Amino acid sequence: MLSRVSVFRPASRSFSVLSSLMITEPTSTKLAEKSEHAPKSENLSDAQAAFLDRVIRVDQAGELGADYIYAGQYFVLAHKFPHLKPVLKHMWDQEVHHHNTFNNLQLKRRVRPSLLTPFWKVGAFAMGAGTALISPEAAMACTEAVETVIGGHYNGQLRNLANQFDLERTDGTKGPSEEVRSLTSTIQQFRDDELEHLDTAIKHNSYMAIPYTVITKGIKTICRVAIWSAERI
Amino acid sequence: MFSRNAVRKSCASLRFYHSNPIEHVNPLHIKPLAYGKQSPQYKVLSLALQEYVPKHGFTERSIVESLNKLGYPSSMISSIGASNSPSFVHSSTAVMELMKFQLVDKRYRLTEGINPDVTPHYKLPSLEHLLLKRLEMDKPVGEQLTDLMSQLAIPSGFLFETAIPELHRLSDDMIYFSNEKDHHDSAWYAKRLAVSSTYIGSQLFMAQDRSHDFQETFAFAKDKLHRVMRLGEYYNNTEEFAWYTLMSTVNLVKSQLARG
């Protein structure tokens with residue numbers, strides 16, 4: 001919780017996407033290093049808490065979507081176009097890592113997940129697989145569109161986090177709490193990763209997709225609608 | 001009564017993001033109550049709940065006796081219920097506040113001193129332990145439970161703004177502060193609904209229970225919790241099998257296609 005940026009570990013995927021209802025292995029908990037006497041921040045206002053609530057829910061849903069989009073693309077393209085396999089694998093692994101990070105945050109900070117989660121899963125997989133079925137370039141155009149919207153969305157969140165979280169501390173200083181700073185740096189890192197994916201997509205000829213405008217505009221609109229609803233529902 | 005206002009309020013009273021308690025000062029108010037532990041309201045209501053509710057039930061009389069005992073004028077009763085809007089179907093706003101206090105204060109006391117941010121997972125209490133502990137807290141007011149439950153269940157703004165949100169906050173707390181596994185998808189909602197229904201079922205049972213020391217209630221609660229968890233497992237196993245079937249079908253089709 002208080003660690004800055006979560007460390008990237010190569011993802012391991014088990015056979016089943018389902019999780020059991022019981023805990024199977026003891027999870028390690030990081031002990032907080034903060035002492036009792038360190039200056040404390042004031043509590044978040046309702047508006048601030050509501051904003052963070054939305055941030056975590058929408059980012060979790062978004063990373064889940066990204067994870068499943070790459071799963072769909074990988075499912076279709078990995079065997080037909082072996083030269084794309086490592087590229088897709090790398091991006092997918094990063095998305096799995098992002099997804100896990102926000103899953104942990106969702107549980108720790110007690111935010112409810114989006115009610116539409118099953119729909120996001122199906123929709124994202126279908127979008128990834130569907131564009132990949134058109135052509136590898138169309139899949140890259142899909143990636144380009146998604147990552148453009150996500151990058152802009154993350155930037156909006158970062159602006160808000162930088163402006164609105166000047167909490168007063170008991171020793172008279174002001175500034176965001178460690179928790180908010182950690183969230184900020186996580187989002188910064190993820191935004192950079194997403195923009196790197198955008199570059200990768202363009203390098204792999206996303207603009208050669210036919211019909212390029214329809215795919216990118218359509219997917220951008222879908223992403224905006226999805227973001228709007230994942231924040232709320 | 002079922003205005004959009006009530007719906008909006010009950011949505012707004014859903015639980016938000018929780019910042020970690022280590023870095024932040026202790027909140028002044030016990031949300032969603034509008035006062036903290038040091039306030040006169042808290043003292044009056046907690047004394048009423050401890051001393052007089054077991055005798056007189058959730059009535060104005062309990063509050064007045066508690067006010068008298070603490071040396072406040074009994075007219076203060078009007079300010080106690082000030083945060084609730086009056087309703088035709090409820091007797092008085094002060095009684096509504098007393099019921100709200102019973103729900104909120106006991107929920108906070110249930111998880112006092114537990115902090116999953118610092119406590120290792122295996123040291124946290126189990127869900128069953130928390131559920132039974134919460135039922136244990138209602139033992140002194142066991143006689144009054146019928147009255148309490150029927151007042152909480154009256155269809156009114158109070159039901160949607162306080163009773164139902166408090167029930168779900170309680171089950172959310174029980175899952176978060178216990179060593180129960182939590183989820184990222186629909187299971188998050190399903191588990192909370194299951195715990196809420198277990199709790200409310202046990203409360204209804206307790207209201208009718210005449211056994212010594214409510215032994216039957218605790219047996220009922222354990223059994224009910226066990227059964228809803230098993231139901232969850234049934235569902236999960238079905239889903240797992242469906243997924244397995246889907247994957248093997250996909251792989252079969254793929255291999256057939258590869259053969260040409």
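Placed from the backbone N, Cα and C atoms, the Cβ positions cover glycine too.
All TrEMBL annotations are machine predictions without curation.
According to TrEMBL, the features are:
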| type | residues | note |
| --- | --- | --- |
| BINDING | A:Glu63, A:Glu95, A:His98, A:Glu194 | Fe cation 1 binding site |
| BINDING | A:Glu95, A:Glu147, A:Glu194, A:His197 | Fe cation 2 binding site |
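If you measure from the Cα atom of A:Glu95 (Fe cation 1 binding site) to that of A:His197 (Fe cation 2 binding site), you get 10 Å. Calculated from their C-alpha atoms, the gap between A:His197 (Fe cation 2 binding site) and A:His98 (Fe cation 1 binding site) amounts to 13 Å. In this structure the C-alpha atoms belonging to A:Glu194 (Fe cation 1 binding site) and A:Glu147 (Fe cation 2 binding site) are separated by 6 Å. Highlighted in sequence order, A:Ala66, A:Met91, A:Gln94, A:Thr143, A:Val146, A:Ile150, A:Gly151, A:Asp193, A:Leu195, A:Glu196, A:Leu198 have their Cβ within 8 Å of the centre of the Cβ atoms of A:Glu95, A:Glu147, A:Glu194, A:His197, the residues recorded for Fe cation 2, and are not part of that set. In sequence order, A:Glu95, A:His98, A:His99, A:Thr101, A:Phe102, A:Phe190 constitute the residues six or more apart from A:Glu63 (Fe cation 1 binding site) in its chain with CB-CB distances below 8 Å. Spatially close to A:Glu147 (Fe cation 2 binding site) yet at least six residues away along the chain are A:Glu194, A:Leu195, A:His197, A:Leu198, A:Ala201, judged by Cβ distances under 8 angstroms. Excluding A:Glu63, A:Glu95, A:His98, A:Glu194 themselves, the residues of that chain whose CB lies within 8 A of the CB mean position for the Fe cation 1 site are, in sequence, A:Gly62, A:Ala66, A:Asp67, A:Gln94, A:His97, A:His99, A:Ile150, A:Phe190, A:Asp193. For A:His98 (Fe cation 1 binding site), the Cβ neighbour count at a 10 Å cut-off comes to 25, with all displayed protein chains included.
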